[in-house]
């Protein structure tokens, strides 16, 4: 058996063309503000990938680069200003932040309707309560879009997530539950992780450990989604040993060109959606 590759980059390119058409039909220009604190090389790479996709679609993405020594109060003041600007459709804060700055204070200062990453407590709470009008975190949303594109049915299936992060694993679990999947989250304190993983019809791996998951974790024919991206001496790899797992899995995301592009396009979808809402509200008030 050789796994069918879930082509995230190909789908993201298709969705980008659709978004570009939507943007061209708007009378307003979608605006995304990206706050980048410090000079972390990885963060700069991620921001550049967002800039590239935004340009393709027609989104005005402005990166606000701030020194690592900046005070938290100054960032909060900047967010407050963006919150009040009607023309701003999305605000995102590139992670990680310096240790002296509170992640929770910064993220929860965002207007929930402009919280492009969907990380604020308001959006996370609405997600878990299955309430309307929330913004889902971009990576879990992108994963669901990718699975839907390949018509992979989650209802009644066992989903196992390896990893318990607030920005991927926990919101992904909520989205999977909403699709009537039976969800198990494992982590470093899970004693029988391989045994649990082998019960998964859908296996999601988000550990940050290069090629941790080999074929011993995978039930034959399972769908394996690799959320990780790690730089090694032999290039970019995921949290899954691709060459091994592709021999066992039914479907598998590659790294790169799998989940990463879907994360970026999901972020862009949130911004365009807000711009459309802004235009509609403007028309109603005219």
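Our numbering is plain: 1 for the first residue shown, then up by one each step along the chain.
Keep in mind that glycine also has a Cβ here, set from the backbone N, Cα and C atoms.
Values in this document were obtained by computation on a predicted structure and should not be read as measured data.
If you check TrEMBL, you get these features:
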type	residues	note
BINDING	163, 164, 165, 229	NADP(+) binding site
DOMAIN	6-117	domain 'Tetrahydrofolate dehydrogenase/cyclohydrolase catalytic'
DOMAIN	137-277	domain 'Tetrahydrofolate dehydrogenase/cyclohydrolase NAD(P)-binding'
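Every protein chain considered, the tally of other Cβ atoms within 10 Å of the Cβ of residue 163 (NADP(+) binding site) stands at 22.
On the 0 to 100 pLDDT scale, the domain 'Tetrahydrofolate dehydrogenase/cyclohydrolase NAD(P)-binding' (137-277) averages 98 in this prediction. Around the Cβ of residue 229 (NADP(+) binding site), a 10 Å sphere holds 18 further Cβ atoms from the protein chains shown. Summarised by DSSP class, the composition of the domain 'Tetrahydrofolate dehydrogenase/cyclohydrolase catalytic' (6-117) is 53 helix, 19 strand, 40 coil. Listed in sequence order, 206 are the same-chain residues six or more apart from residue 165 (NADP(+) binding site) with CB atoms under 8 A from its CB.
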